[in-house]
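One structure is given below, encoded as structure tokens.
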Amino acid sequence: AICKESVMLCFAGDVKCWSLEIEVGANPVQVEVGEFDEAIEIVEDAVEDVAAENPCLNHHCKKGKVCEVDESNTPMCVCQDPTTCPAAEGVFEHVCGTDNKTYDTSCHFFATKCTLEGTKKGHKLHLDYIGACKMIEPCMDSELKEFPLRMRDWLKNVLVTLYERDEDNNLLTEKQKLRVKKIYENEKRLQAGEHSLDLLAHDFEKNYNMYIFPVHWQFGQLDQHPVDGYLTHTELSPLRAPLIPMEHCTTRFFEECDADSDKYIALEEWAACFGIKEQDVDNDLII
């Protein structure tokens with residue numbers, strides 16, 4: 001469902017919703033990317049004279065590391081001591097790692113992961129989802145088939161909402177707006193709301209072309225670090241981490257998207273997961 005102040009991802013037949021606040025100039029699927037992405041660097045602005053006194057002021061370190069200077073006053077990144085992370089303000093800051101351990105905050109998680117760099121355990125450790133670790137129900141085959149129905153509809157509605165709110169091209173580029181305009185003005189467009197799975201499946205079959213661009217657009221929003229045509233576990237985190245506690249098929253869905261099990265999801269694999277035909281996969285749609 002699309003709400004006035006936020007985009008809600010509501011799963012058919014369920015009362016659980018994911019509210020996603022959209023701020024001007026921010027990608028809705030990457031508003032909190034800094035909480036998940038191990039590759040994002042923290043940039044601090046500093047005037048030159050101050051920077052000369054403290055080289056760390058404009059030295060960039062990724063999540064889990066902090067800057068320190070050595071004996072020659074040269075900045076270097078070292079693992080942050082987890083005990084120096086700010087205390088959680090509430091349980092909403094808890095995160096669950098792939099080691100099934102609850103961390104107070106994402107700062108505690110990435111600091112811990114950094115101390116394990118170079119080890120087998122550290123290589124396998126990733127942020128799994130937002131919230132304290134809990135029992136996630138197994139995803140049945142029948143349930144897995146329902147997941148892309150809801151996701152496709154939601155992606156389409158996110159783009160329509162951005163188009164409606166975008167006055168200064170802060171949310172969508174001109175090329176993106178032209179693509180979404182065709183969807184927005186199509187009288188056959190299924191309006192946002194809670195729809196049965198049968199209706200969603202019927203709409204995808206009858207109005208298939210409306211879903212091609214939203215699926216490509218989502219891939220482009222996630223493929224950022226680096227932009228290489230593949231999605232890693234880290235790049236998927238801004239989308240999957242908030243979903244897993246509410247939608248128990250999330251993990252299995254993205255795992256099976258990686259058809260060749262190489263730990264990377266290519267555009268062709270991503271499109272296939274959402275039912276986009278091979279002949280309609282187009283790198284040029286990732287604007």
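Note: Cβ is positioned from N, Cα and C throughout, glycine not excepted.
Any TrEMBL annotation is an automated prediction that lacks curation.
Here TrEMBL flags C56-C67 (among others) as disulfide bond.
The local packing around C77 (disulfide bond), expressed as other Cβ atoms within 10 Å of its Cβ over all shown chains, amounts to 17. Under the heading disulfide bond, TrEMBL lists C61-C77 (among others).
Counting only same-chain residues six or more apart in sequence, the Cβ atoms lying under 8 angstroms from the Cβ of C79 (disulfide bond) belong to G64, K65, V66, A111, C114, T115, E117. Positions annotated as disulfide bond by TrEMBL: C79-C114 (among others).
The Cβ of C107 (disulfide bond) lies under 8 Å from the Cβ of Q80, P82, C85, P86, each of which sits 6+ residues away along the same chain. The annotation disulfide bond is assigned in TrEMBL to C85-C107 (among others).
The disulfide bond annotation in TrEMBL covers C96-C133 (among others).
Per TrEMBL, the feature disulfide bond maps to C139-C249 (among others).
Its Cβ taken as reference, C257 (disulfide bond) is surrounded by 18 other Cβ atoms within 10 Å in the chains shown. The feature disulfide bond is assigned by TrEMBL to C257-C273 (among others).
The annotation domain 'Kazal-like' is assigned in TrEMBL to 78-135.
Nearest neighbour of C133 (disulfide bond) by Cα distance, taken over the disulfide-bonded residues C56, C77, C257, C273: C257. Cβ crowding, taken as the number of other Cβ atoms within 10 Å, peaks at C96 among the disulfide-bonded residues C61, C67, C96, C273. The Cβ neighbour count for C56 (disulfide bond), using a 10 Å radius over every protein chain in view, is 18.
Annotated pair C77 (disulfide bond) and C257 (disulfide bond), C-alpha to C-alpha distance, rounded: 35 Å. Taking the Cβ of C249 (disulfide bond) as centre and 10 Å as the limit, one finds 24 other Cβ atoms among all the protein chains shown.
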